[in-house]
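Some notes on the structure that comes next.
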Amino acid sequence: MMTEVRFHVRGGTALRGTAVIQGAKNAALPMIAAALLATEGRTVLRNVPAIADVARAVELARLVGATVEYHAGDRLLIIDASAVANPLLPAELTRRFRGSVLFLSPVLHRCGEVTYEGAGGCNLGTRGLDFHYRGLARLGAHIEERGSAIWIKAGQLRGSELYLDTPSHTGTESLIIAATLTPGRTVIENVALEPEVLDVIAFLNAMGARITGGGTGRVVIDGVDQLRAVEHTIMPDRIDAGVLCMAAAITGGQVTLVGGDVIDHFGVAKHKLEQMGVHLASSGAVTTATRTGPLHPINIITDTHPGFATDLQPSLMALATQASGTSYLRERIHEARYALVSELAKMGADITVDGEKAVVRGPSTLSGTEVVARDLRTGISLVLAGLVADGETVVTNGSMIERGHSDLVSRFVALGAGISREELP
Ligand SMILES: CC(=O)N[C@H]1[C@@H](OP(=O)(O)OP(=O)(O)OC[C@H]2O[C@@H](n3ccc(=O)[nH]c3=O)[C@H](O)[C@@H]2O)O[C@H](CO)[C@@H](O)[C@@H]1O
Ligand SMILES: C=C(OP(=O)(O)O)C(=O)O
């Protein structure tokens, strides 16, 4: 039976305390998929985030034939992919998360073919998959549409010159994974530079892949015959960390982050938060985010890494409603990433949208009300807004938030937030 999750948020408290940054969603998903390439032995992934997308990926790995042990308390996965043999990736699972597209390449290599009925994930516009399919075709795969599904046959894959029209995050990972076991040399131009991609490359190279050029925009992969199961600790989630920093900022508090030196992964976002009046400091293995003075307005343009991360744009919009002046946002990665605007308007925010541009006039006094988590980052941004709103904010469709943020209530309550979780039948 489907249930609805709702988060009740009561504003007015400056957050103070320590929060553990979760493992990176956008590194865990490609690693679970890539672990299917190990034909013997068991892969151990540590620092796995306890989020719904990971649960979906585990389901999909099991469905294709892997044995997966999920030790949630230890944030640990053990994957035995020796029996992977099922090439069918069904829509009822794949359309529940974007990361399902990352299973195409491993299953293609293991089964010689794969049938895929499409990806899910946040509704942010078209979110095409043509870069993935074109790259696989250039490696020699045969691709055809079969009704609502895509059927891909490996045939004789050969190393080739590939490119991405734009540096797609999962497109990069998908094609690198495909090239690791493709005979010959593959070069991919215009690849993503996101830190998670580098973590995936490190994981694949530990498995025995031969990948160079990570972080340069041009990656070279020399195909090998086999990849082995290894142990790997997933990097911290920079988006989770950025949201926690903005939780401190929007409430005028101080949050200490444990789990990795993420400031280096913030890229332009670090400078934008500091310009708004957020103080970020690293002290040994911890990062502290503090805001004591006024919040200044800001201008941001989302871009691929190290540009301002699109996944942090909604949280920054919520923060900008409290800034003393007008902020200008420009969303250049996803076609439709302003679902937050109408929900913040219900709380009293003053935001206007013109195409990819949004203008946020602050400061606004926000009032708690019932709002909808239209997607993952809209949902968490409404929680941030609720932390500073008068009264209680009820964030409905809360399962969207749990797709990408773990232990929301326990981590925020530990910081002094008034937040609780309700599950409705
Ligand atoms: C599971 C995962 O890692 N999700 C992240 C990944 O999504 P994802 O990898 O899907 O995002 P992409 O970088 O591929 O997409 C960026 C843009 O490229 C377009 N595009 C992409 C692929 C393709 O084949 N054709 C095409 O046109 C998309 O429509 C979108 O407009 O990167 C996004 C951009 O940083 C993040 O918001 C997501 O959190
Ligand atoms: C867009 C996001 O995720 P996904 O690509 O998994 O939908 C996100 O993490 O903000």
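Cβ coordinates are placed from backbone N, Cα and C, and glycine is handled just like the others.
Binding site for UDP-N-acetyl-alpha-D-glucosamine per TrEMBL: ARG98, ASP311, plus ILE333 from the candidate set ILE51, ILE143, ILE333, ILE351. Of all the recorded positions in the list LYS25, ASN26, CYS122, the shortest Cα-Cα distance to ILE333 (UDP-N-acetyl-alpha-D-glucosamine binding site) is found for CYS122. Its Cβ taken as reference, ILE333 (UDP-N-acetyl-alpha-D-glucosamine binding site) is surrounded by 21 other Cβ atoms within 10 Å in the chains shown.
ARG98, CYS122, ASP311 are the recorded positions among ARG98, CYS122, ASP311, ILE333 whose C-beta comes within less than 6 Å of an atom of ligand 2, given in sequence order. Neighbour counts were taken as the number of other C-beta atoms within 10 angstroms of each residue's C-beta; across the binding-site residues LYS25, ARG98, the minimum falls on ARG98. For CYS122 (active site, proton donor), the number of other Cβ atoms no farther than 10 Å from its own Cβ, over all displayed protein chains, is 22.
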